[in-house]
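Shown next, in structure tokens, is the structure this report addresses.
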Amino acid sequence: MAAAARARVTHLLRHLQSTACQCPTHSHTYSQVPGLSPSGKTTDYAFEMAVSNIRYGAGVTKEVGMDLQNMGAKNVCLMTDKNLSQLPPVQIVMDSLSKNGISFQVYDNVRVEPTDGSFMDAIEFAKKGAFDAYVAVGGGSTMDTCKAANLYACSPHSEFLDYVNAPIGKGKPVTVPLKPLIAVPTTSGTGSETTGVAIFDYEHLKVKTGIASRAIKPTLGLVDPLHTLHMPCQVVANSGFDVLCHALESYTAIPYSMRSPCPSNPIQRPAYQGSNPISDIWAVHALRIVAKYLKRAVRNPDDLEARSSMHLASAFAGIGFGNAGVHLCHGMSYPISGLVKTYKAKEYNVDHPLVPHGLSVVLTSPAVFTFTAQMFPERHLETAEILGANIRTAKIQDAGPVLADALRKFLFDLNVDDGLAALGYSKDDIPSLVKGTLPQERVTKLAPRAQSEEDLSALFEASMKLY
């Protein structure tokens, strides 16, 4: 009898180990046969987490001089933009560097929404300066520019397109050692302090692209919530929309075990690997913070709890998407911002037309998640509930519309522009918008549902008006 009971228990355990859990949280395809997709194509069997060291705390920026001293830095490049160069975050960094005897030069010509031209200007400054460390103080534009400057200054014989993502660039792996880079984010959106990604507008083709490599992630991110108090309300909102979509897209991305090809060498495994059990945790937690705090952070500039929470959410979502990736909202956003006509966002002090990155991302989100919900609908319903939807009576086949409605309500409550038409786009622009999305295969291929050019056209058309 005892032997028979043991045999039954052993059989049951083997069955449980070979059967994927079907609850909403664990029903993703992580348990399929490694290395082989249902279609027979070779797929990946592993994922890895690459994250910058993060230090969080009110006033933590003043430690930057000690950090650089501990690193042995003697000649530091401090990168920022013209608007921030006279504001407290930069002044605090300069005071800390001076107090700790660190020699530094300031580069304050970073462009909001950088271009290949602005990247190359910063790269030239970095090459001439022969710096042994970098500090980036600002939003994603500053941090991304600094990553690129560090990379190409350490690889002076490389051509600019060598490290740029294919198909626009050659997408070569980064094998050269880089200098230490400390990132001090002053906005709560990009999560760039945690990622090995640097995004820019490639002006010749009028598309956004970037550099993606774990090697370029910052050495340390100093996440100081005091810097969030200076942010205008519209900047808070648009930055928060980036966090929102980072979380939603990484959580609904194709699982890492379904992504192909499987790399022949670990160095070829992309930074954006597909959703995975670790990134999922960060994405969901970030989404809960956005749902609870973003509206408060926008409506009350003095709400330190809300703005501090959003600053952390940006880093959390960065950890998630920095390893899982994003997909259609981001892939479609690049031509939206790159083909901007005359639109100038409120509360952005720039001398050129500008669609803020977070706004360009979130405007397509209702259409995108209606489209993608055919795959992994449980995850779409789960995120809709986090955003406030009542899903108790929702049918699984309605997951897309339920999430889309939750997003529309969220955006409407924050007075977001009524779709792409409000930015100056019309149906006549859709072919150009689709053309600008096609080179973004690095992210669009992570969408849980494949898309044709006709699908992209329909998504842009559905995003012309939200309400």
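Glycine is no exception: its Cβ is also placed from the backbone N, Cα and C atoms.
The candidates are Ser27, Ser275, Ser432, Ser452; Swiss-Prot tags Ser452 with the feature phosphoserine. Note on Ser452 (phosphoserine): other Cβ atoms within 10 Å of its Cβ, all shown chains, come to 9.
Looking at Lys445 (N6-acetyllysine) and Ser452 (phosphoserine), their Cα atoms lie 11 Å from each other.
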